[in-house]
Amino acid sequence: MVMSTNDIRFIVGIIGNVLSFVLFASPMPTFRRIIKNKSVEEFHPYPYLASTMNCLMWIYYGMPFVHPHSILVVTINSVGLFMQLCYISIFFFYTGKRYRLQIVSILFGEIVGLAAAVAGTMLGLHTYASRTTVVGILATAFGICMYGSPLSIMYKVIKTKSAEFLPTTLSIACFLNGICWAIYALLKFDPYILTGNGVGALLALIQLALIVIYRNPPPKDEKPSKVELQNVV
């Protein structure tokens with residue numbers, strides 16, 4: 001029996017959910033370290049706060065009154081949202097006053113921003129197409145920000161000529177995740193999922209290229225001192 005496009009799209013979406021879970025789970029070693037040392041050290045909460053807003057926007061995008069038939073987008077981002085809030089809670093517990101105030105302020109701003117987006121689109125837009133366009137653009141912007149988080153590490157790799165700080169597994173997962181969701185978007189054309197994940201796959205491909213180019217670090221006597229880098233989502 002020949003599978004329909006919708007059946008293939010559903011299977012691709014399931015695979016995308018698995019790969020997205022790998023991405024969302026990637027900070028776990030960082031937080032095991034934070035719990036073990038009872039300190040956030042040089043880590044900061046911004047990637048997890050950005051991922052939180054990203055998940056919130058994609059959950060809203062997948063709602064049946066915005067973009068119907070997007071249950072797989074809602075499921076994985078709901079899981080991702082839960083995981084990001086767990087990471088932020090752990091960070092909040094082990095950090096100092098300055099970061100705690102920032103976390104509360106940013107989360108409050110994200111809630112206000114989401115509420116404004118919901119109110120604006122539900123009260124001001126009355127068709128699926130118009131709501132999909134506005135929410136899709138917002139969700140795509142936050143998705144690209146999340147995928148772009150490793151850019152600081154990419155700069156460090158080029159500067160030190162060493163890829164030891166660039167997480168190979170995470171880069172591969174980012175690339176496969178981006179490709180998978182791009183295929184999902186092409187099977188039933190969705191420009192917003194396609195754009196965010198297409199850009200994400202490109203950024204991950206650049207990271208993989210750097211890993212290949214700088215896979216052999218310079219001798220220790222020529223290599224700059226190590227700088228602690230944060231594990232990114």
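Cβ coordinates are placed from backbone N, Cα and C, and glycine is handled just like the others.
TrEMBL: automatically predicted annotations, no manual curation.
Since the structure is predicted, the reported quantities are computational estimates derived from the model, not experimental observations.
Pulled from TrEMBL:
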{"type": "TRANSMEM", "residues": "6-25", "note": "transmembrane segment"}
{"type": "TRANSMEM", "residues": "46-63", "note": "transmembrane segment"}
{"type": "TRANSMEM", "residues": "69-94", "note": "transmembrane segment"}
{"type": "TRANSMEM", "residues": "106-128", "note": "transmembrane segment"}
{"type": "TRANSMEM", "residues": "134-153", "note": "transmembrane segment"}
{"type": "TRANSMEM", "residues": "165-187", "note": "transmembrane segment"}
{"type": "TRANSMEM", "residues": "193-214", "note": "transmembrane segment"}
Intrachain neighbours beyond the transmembrane segment (165-187), with Cβ under 8 angstroms and 6 or more residues off its ends: 5, 8-9, 12-13, 15-16, 19-20, 22-23, 26, 72, 147, 150, 153-154, 156-157, 193-194, 196-205, 207-208, 210-211, 226-227, 229, 231-232
Outside the transmembrane segment (6-25), six or more residues from its ends: residues with CB under 8 Å to it: 51, 72-73, 75-77, 79-80, 83-84, 170, 173-174, 176-177, 180-181, 183-184, 187-188, 233
Same-chain residues near the transmembrane segment (106-128), Cβ under 8 Å, at least 6 residues beyond its ends: 49, 52-53, 56-57, 60, 65-68, 88, 134-135, 138
Residues of the parent chain within Cβ reach of the transmembrane segment (69-94), under 8 Å, 6 or more residues beyond its termini: 10, 13-14, 16-17, 20-21, 24-25, 27, 31, 34-35, 38-40, 43, 45, 48-49, 51-52, 54-56, 58-59, 61-63, 100, 103, 107, 184, 193, 233
